[in-house]
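Here's the structure we're looking at; comments come further down.
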Amino acid sequence: MSFIDEFQSNLEALPNTLQRKYSLLHDLDKSLQEIQRQNEQRCEQEIDDMKRGIKSGNITPNCSLLKFSDDALDEQKHAIRIADEKVALASQAYDLVDSHIQQLDQYLKKIDEDQRRERENVAATGSASTAPDHIMKAGKAGESSNRGRKKTRLATATVATPTANTTSMELDLPVDPNEPTYCFCNQVSYGEMVACDNPDCKIEWFHYGCVGLKEQPKGKWYCSDCAGKRKRKKGR
């Protein structure tokens, strides 16, 4: 069984496992609330009895009888034990989810390394691809220094493609802090993207909507920064 098959199999069982833990947490919480309610009533009653004893003179303020009963103390200890069980269950649920996230991170890292080696092999052999030069599907781009300069590179899509008439995008997405960002908007890759043909471009990849594109440009394409630099060089 491959890593992805094993991960998917474990992931399918995760919701049911978490549901069982959350159900147990709910039951423990109900029990804790009931014990706390009973203990509050018992303690209030015992405090009232102490006050009446002091008023009647049967109990002095410094008397050793001014303390809660063993039943009240036992209830409080029981409540603490239930609270500890709730904390332990919550930690188990967190660790379970975290382990799946770590497995996925390892798998994505392995994919990135495989893609990097593939690009290096292609560059070493001088192979040239005939696929379209400028299209890159949304996803996690390579984190090497050239960030996937090959125009034929396709990454796995992670979010829906924006509509064609979008001119700028401000995304509010939960992003991995290690996820590389691109474009003038400084966001992660999504939808269709175009690569600047200037090999020294600092940004390199741009979202169609952010640069006013609706379809793949024909021939070479330069971002506005690089296009301006080229014009200034020609004007000298």
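Note that Cβ sites are derived from N, Cα and C of the backbone, with glycine treated the same way.
If you average pLDDT over the domain 'PHD-type' (180-229) in this model, you get 89. Summarising the annotation, TrEMBL assigns domain 'PHD-type' to 180-229.
Over all protein chains present, the Cβ of Tyr182 (site 'Histone H3K4me3 binding') has 22 other Cβ atoms lying within 10 Å. Residues or ranges marked as site 'Histone H3K4me3 binding' in TrEMBL: Tyr182 (among others).
All protein chains shown were included, and the count of other CB atoms within 10 Å of the CB of Cys183 (Zn(2+) 1 binding site) stands at 23. According to TrEMBL, the Zn(2+) 1 binding site annotation covers Cys183, Cys185, His207, Cys210.
Here TrEMBL flags Met193 (among others) as site 'Histone H3K4me3 binding'.
Less than 8 angstroms from the CB of Cys201 (Zn(2+) 2 binding site) sit Tyr222, Cys223, Asp225, Cys226, each of them six or more residues away in the same chain. The Zn(2+) 2 binding site annotation in TrEMBL covers Cys196, Cys201, Cys223, Cys226.
Over all protein chains present, the Cβ of Asp197 (site 'Histone H3K4me3 binding') has 16 other Cβ atoms lying within 10 Å. Residues or ranges marked as site 'Histone H3K4me3 binding' by TrEMBL: Asp197 (among others).
Annotated site 'Histone H3K4me3 binding' per TrEMBL: Trp205 (among others), in sequence order. The number of other Cβ atoms within 10 Å of the Cβ belonging to Trp205 (site 'Histone H3K4me3 binding'), over all protein chains shown, comes to 21.
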Any further residue of that chain within 8 Å (Cβ to the Cβ centroid of Cys196, Cys201, Cys223, Cys226) of the recorded Zn(2+) 2 site: Asp197, Asn198, Lys202, Ile203, Glu204, Phe206, Tyr222, Asp225, Ala227
Do you see any of the recorded sites Met193, Asp197, Trp205 whose C-alpha is within 10 Å of Cys183 (Zn(2+) 1 binding site), and which ones? Met193, Trp205
Excluding near sequence neighbours, so keeping only residues 6 or more apart in the same chain, what lies with its CB under 8 A of Cys196 (Zn(2+) 2 binding site)? Ile203, Glu204, Trp205, Phe206, Trp221, Tyr222, Cys223, Cys226
